């Protein structure tokens with residue numbers, strides 16, 4: 001037993017000793033390809049056995065190890081050569097070769113090239129224009145050097161968890177913040193207004209503003225001439241813009257010159273400022289005068305109870321908005337204590353300059369969205385359009401796979417690596433994108449002026465800037481990579497054995513990946529169609545809304561000092577002339593809000609009613625007759641007939657409901673420390689946004705007006721407008737020869753309130769049309785390839801008796817199914833996007849089923865009309881020709 005054990009152990013040890021070294025075998029497995037290890041190892045072991053028999057095992061093991069090392073060195077050199085060869089594949093020379101081959105291929109397939117280049121060009125043009133507009137929106141009111149520290153002060157009332165927010169503040173607030181709060185470096189009041197400026201015989205109504213000295217420093221007002229000392233600190237001094245200085249004084253130095261305001265007050269030009277930036281809310285301001293010109297110390301407009309101006313502040317470096325808000329929130333409440341009831345819940349807060357333009361909507365007492373919704377909407381539109389063009393390229397490239405199959409097969413047989421083939425196809429995509437990009441630059445240059453007219457901005461790409469071309473090149477390369485990557489990897493994956501042995505079929509219109517891309521393309525177009533329809537419906541919904549007054553032939557103009565002084569004479573001559581049917585004075589245009597009032601007391605009012613906000617209108621007699629507002633109860637104010645009407649008021653329907661007055665006429669109402677009596681109730685009329693509900697409004701007589709700044713005229717509709725205007729100008733200038741006859745019409749002003757929404761509607765319609773055009777071109781090309789691939793099937797069907805309509809239906813059905821799937825995906829997405837956009841409007845349209853029905857029908861019509869041409873053409877082809885090769 002023991003002898004057998006030791007004999008077995010000796011044989012095993014001898015067998016192990018006679019085998020090749022394990023280290024050498026392990027080393028061979030590292031360097032040799034797994035499929036070749038067994039073959040190479042067998043040859044080496046055969047040599048090992050012969051050498052062991054001839055020269056001994058020790059010598060055989062040594063030679064075996066040397067041969068393995070030699071083989072490893074050979075493998076390493078082979079891989080190094082392959083690596084060097086691979087590096088040359090991606091050389092600049094090879095890239096230029098691929099671009100040249102791509103150019104030749106494009107010349108051969110002109111239809112394919114035209115569809116892709118046109119689609120990419122249109123997409124790049126539209127995306128670039130949208131990006132220019134978005135950039136201008138995002139940069140609006142951000143050109144100030146200290147923009148991060150500039151804020152506007154807002155008021156907020158809180159009662160029973162309900163919040164009311166407004167942007168006007170009391171006049172003393174700016175001084176209080178400046179003097180008592182170290183975190184605030186500067187503060188200024190601001191009141192925009194239009195005044196009559198006169199220099200000699202030259203008269204002009206000009207937009208300007210009342211402001212404090214800190215306004216110049218906060219908003220980087222650039223002074224071109226004049227002294228910086230005591231700017232806007234001295235009464236009787238004015239700062240004018242370069243634009244206004246040129247208009248009034250020509251090339252003369254305007255500093256030190258005198259001008260007249262409203263033909264009564266003389267002002268000395270103390271400085272000339274550069275025109276304020278176009279990307280600023282102050283862009284139209286042509287002069288600045290001290291606030292004290294109109295806000296007299298000690299007057300009602302200068303106390304804490306009047307919210308009649310804007311307050312802007314500049315925080316000190318390091319001051320935090322939240323901390324400052326906490327410190328200043330009760331400033332107004334403190335000063336109003338004992339003056340007005342229910343002020344304990346009033347507070348102020350800071351609204352950042354970064355959000356003035358795009359975050360201006362007030363909802364539930366908070367400043368939320370606004371223009372940012374439109375910015376996000378069009379950012380999505382730009383992405384949709386660009387992706388649609390890229391999808392076109394992907395679909396058409398993969399559909400043409402059969403044409404590239406043999407090229408790929410031959411190149412692979414010749415030793416081309418997959419990476420070089422990927423580069424070959426991506427270079428073709430980049431070449432197409434470069435051509436499209438250059439054409440897009442030309443189109444952008446040509447259409448930018450028209451686009452500027454559409455959006456009301458001065459947008460101009462800087463074609464001389466290296467940065468523009470660098471970013472443009474990056475955009476083109478990114479588009480080329482985005483469009484070309486998937487086709488490049490798909491086409492480079494062809495197997496030579498399959499594509500070279502005979503006719504090769506790669507993908508039809510039923511290819512799953514291509515189906516998904518077509519669905520995506522349709523979905524984008526449907527979302528844009530839904531958006532366009534909803535925006536159009538919202539505008540129509542607001543335009544159909546009853547305005548509550550007669551906009552036709554309603555004329556209004558500023559009423560400067562001389563005309564206001566001689567108003568009775570002016571009115572009599574206007575009526576006598578026959579050009580005017582009725583006339584009334586007012587604090588502001590009748591189509592605009594005048595001012596607001598809180599703390600109104602009325603019969604049965606309780607503490608909570610003092611928090612209700614009422615809009616105030618100051619007007620003279622014949623207000624109702626002139627504006628065409630409908631009188632529901634009582635009469636209108638007429639102090640010439642009723643001397644007590646100096647304290648008479650007229651309520652709108654909403655105000656009467658807010659006061660819960662069963663018999664409003666005769667009721668006594670108290671505000672502004674005055675007892676008023678109601679003489680009439682009028683139907684609600686729209687004087688602010690047509691997208692918002694009408695607020696409670698009170699129309700006061702002359703006692704409720706600080707000044708009669710406007711005249712409102714109902715022109716005689718029986719006379720021609722030109723004749724009426726000529727007569728009006730003659731009468732105005734007869735009473736005040738220096739009056740610059742300028743005016744507005746209520747219907748134009750009212751229509752202007754739809755301008756931004758109509759602008760968004762036009763832009764959406766335009767870009768939706770472009771997206772549909774791009775999609776249609778892609779589907780058109782795809783339908784052509786699909787029909788070509790099924791040409792023999794169609795021939796067989798015709799031989800078997802199939803009719804032309806049945807064949808057309810067969811070829812069209814695939815695309816119609818994809819469109820239906822796309823609609824099922826796009827409908828909820830489109831609804832969500834538009835529902836978010838509609839949140840900006842309190843008076844909003846409902847997104848009804850008609851929108852989706854129209855969108856679906858439109859999509860099906862577009863798809864069928866695009867595909868049917870190729871379908872009919874294929875169905876009419878002679879079967880003898882299509883089956884000739886069979």
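The backbone N, Cα and C atoms fix where each Cβ goes, glycine too.
Automated prediction, rather than curation, is the source of TrEMBL annotations.
According to TrEMBL, the feature domain 'MacB-like periplasmic core' maps to 114-330 (among others).
Taken from TrEMBL, the feature domain 'ABC3 transporter permease C-terminal' applies to 380-495 (among others).
Summarising the annotation, TrEMBL assigns domain 'MacB-like periplasmic core' to 607-718 (among others).
The domain 'ABC3 transporter permease C-terminal' feature in TrEMBL is assigned to 766-873 (among others).
Residues or ranges marked as transmembrane segment by TrEMBL: 112-135 (among others).
Annotation source TrEMBL lists transmembrane segment at 377-396 (among others).
What TrEMBL lists as transmembrane segment is 421-448 (among others).
The transmembrane segment feature in TrEMBL is assigned to 468-494 (among others).
Among the features that TrEMBL reports, transmembrane segment is placed at 515-535 (among others).
Look at TrEMBL and you will find 760-786 (among others) tagged as transmembrane segment.
Annotation comment: TrEMBL describes 807-831 (among others) as transmembrane segment. For the transmembrane segment (807-831), the residues of the chain that approach it from at least six positions outside its boundaries are 509-510, 515, 518-524, 526-527, 529-531, 534, 779, 783, 786-787, 790, 794, 797-798, 847, 852, 855-856, 859-860, 863-864, 867-868, 870-872, 874-875, judged by C-beta separation under 8 angstroms.
Feature annotation from TrEMBL assigns transmembrane segment to 851-872 (among others). Remote same-chain residues near the transmembrane segment (851-872) are listed as 522, 525-526, 529-530, 533-534, 537, 772, 775-776, 779-780, 783-784, 786-787, 804, 807-808, 811-812, 815-816, 819, 822-823, 826-827, 830-831 (criterion: CB distance under 8 Å, separation of at least six residues from the stretch ends).
Counted as Cβ pairs under 8 Å, contacts with the transmembrane segment (760-786) are highest for 377-396 among 377-396, 421-448, 515-535.
Residues 112, 115-116, 119-120, 122-124, 126-127, 130-131, 133-134, 429, 432, 479, 482-484, 486-487, 514, 517-518, 520-521, 524-525, 527-528, 531, 760, 763-764, 767-768, 770-771, 774-775, 777-778, 781-782, 785, 833, 837 of the same chain lie 6 or more positions beyond the ends of the transmembrane segment (377-396) yet place their CB under 8 Å from a CB of it. Across the range of the domain 'MacB-like periplasmic core' (607-718), the DSSP-based residue counts are 24 helix, 38 strand, 50 coil. When averaged over the domain 'ABC3 transporter permease C-terminal' (766-873), pLDDT in the model lands at 83.
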